[in-house]
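Working notes, beginning with the structure itself.
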Amino acid sequence: MVDHEGEDSSPADGFGHIPVLLHRADELLGPALTANDPHGGGAVMIDATLGLGGHSEHFLRTYPQLRLVALDRDPHALEIAGGRLAPFADRITFVHTRYDGIEDALTQAGLSPRESVHGILFDLGVSSMQLDESDRGFAYSIDAPLDMRMDPTTGITAAEVLNTYSHGDLARILSTYGEERFAGKIASEVVRQRAKEPFTTSAALVELLYRTIPAATRRTGGHPAKRTFQALRVEVNGELDSLRAAVPAALDALTVGGRVVFMSYQSLEDRVVKQEITPRSKSKSPEGLPVELPGMGPEFRILTRGAERASEQEIEENPRSAPVRLRAAERIARRSAA
């Protein structure tokens with residue numbers, strides 16, 4: 001999945017997309033999936049962001065005895081991926097839920113939400129399918145209804161946010177979720193514009209942003225709509241709140257030796273991931289002790305040095321991988337009763 005630029009199997013699969021960092025994800029998750037059997041026998045993997053199923057198809061083909069629990073909040077994605085993964089249907093449990101629904105998804109699959117999973121993959125952001133479907137409103141380059149819901153069956157739309165939120169709330173989400181320097185100015189223009197005519201399509205919003213953001217910033221800061229569209233999407237879908245709940249649930253679900261890979265596409269997501277996994281990768285014993293106190297050692301080992309980025313070659317083959325930041329961790333000890 002991606003953030004206003006896209007998704008990565010190299011080369012592109014028959015579904016017209018390339019699942020991002022596929023081979024690196026396999027390098028990291030493979031040892032956990034094959035710890036007991038080279039074919040993945042007895043191993044359980046969660047694809048927390050199924051999308052079009054490119055990553056899942058690779059893992060199911062590579063490990064012919066692997067069991068998969070596949071989550072997605074977008075019913076259309078589940079439908080498409082379900083058809084794509086039909087040859088492996090006897091090894092998959094599909095669950096229509098956000099990625100913070102991991103506990104319920106595991107229960108639905110007949111598994112414990114605690115220490116029962118060997119590999120978990122998060123490919124965050126908006127998917128290529130959602131970007132490319134012109135009626136979803138995710139892409140600022142296409143005039144479309146201002147929807148932006150990843151699950152179009154529930155929740156508020158981006159148009160409702162623009163037309164009903166107060167100036168203060170609009171400025172807050174633009175600043176917090178979009179890291180937009182001109183949040184207050186944009187919010188003022190939105191309030192002024194909607195008093196004349198409510199926002200319904202992306203073109204009207206993009207036009208306002210071109211008028212509002214100074215020309216000098218437009219020349220050097222990328223597309224003027226990028227940050228505002230990101231902020232609206234994060235707000236509409238509750239992405240950061242969902243991620244803050246999902247990361248601890250994913251860590252709790254891993255068995256000893258189990259691994260998780262997170263692929264983020266903007267700094268806010270990556271920051272949440274880092275903030276959640278770092279404390280559980282450190283000792284809780286007082287500094288200076290010559291031994292580790294029982295139950296006080298780190299639960300996890302960080303597998304990446306900082307956040308890894310796509311190589312120049314991958315970016316050339318798949319430009320939508322350019323913003324990706326990958327982090328991974330392995331459970332090395334059971335969680336203490338405390």
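A Cβ is built for glycine as well, from the same backbone N, Cα and C atoms used for every other residue.
Just so it is clear, the model here is predicted, and its values are computed rather than measured.
Database features (Swiss-Prot):
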BINDING   Gly53, Gly54, His55, Asp72, Tyr99, Asp123, Gln130  S-adenosyl-L-methionine binding site
REGION    277-298  region 'Disordered'
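Long-range neighbours of Tyr99 (S-adenosyl-L-methionine binding site) (same chain, six or more residues apart, CB within less than 8 Å of its CB): Ala48, Thr49, Leu71, Arg73, Phe122, Ser242, Leu243, Ala246. All protein chains considered, the CB of Gly54 (S-adenosyl-L-methionine binding site) has 27 other CB atoms within 10 Å. In the structure as shown, the Cβ atom of Gly53 (S-adenosyl-L-methionine binding site) sits within 10 Å of 28 other Cβ atoms. Under the three-state DSSP scheme, Asp72 (S-adenosyl-L-methionine binding site) falls in the strand class. Secondary structure at Gly53 (S-adenosyl-L-methionine binding site), taken from DSSP and collapsed to helix, strand or coil, is coil. In the three-state DSSP scheme, Asp123 (S-adenosyl-L-methionine binding site) is classed as strand. Just so you know, the Cβ of Asp123 (S-adenosyl-L-methionine binding site) picks up 29 other Cβ atoms within 10 Å once every protein chain is counted.
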